Amino acid sequence: MSTRDPCQTQACEIQKCLQAYHYQESKCQHVIEEMHKCCKIHAKRSVCCSGFLIKQEEKNKQFLD
């Protein structure tokens with residue numbers, strides 16, 4: 001019996017948003033932030049989060065530099 005990924009909904013919402021806005025990340029920050037929140041809680045249980053938090057942290061570091 002497989003269990004559903006706890007952040008799959010957020011990952012799908014990111015894909016839908018990016019497609020709708022022709023991959024302009026700035027238009028999808030709200031859904032990206034929801035994914036970030038989900039991954040902070042479920043990172044160890046969510047395959048969708050693999051690499052997501054690291055990429056987010058790298059972006060934040062670039063922004064601060």
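Note: Cβ is positioned from N, Cα and C throughout, glycine not excepted.
In TrEMBL, CYS39 is paired through a disulphide bond with CYS49, chosen from CYS28, CYS49. Taking a C-beta cut-off of under 8 angstroms and a sequence separation of 6 or more, CYS38 (disulfide bond) has the following same-chain neighbours: PRO6, CYS7, GLN10, SER46, CYS49. Within 10 Å of the C-beta of CYS49 (disulfide bond) there are 24 other C-beta atoms, taking all protein chains into account.
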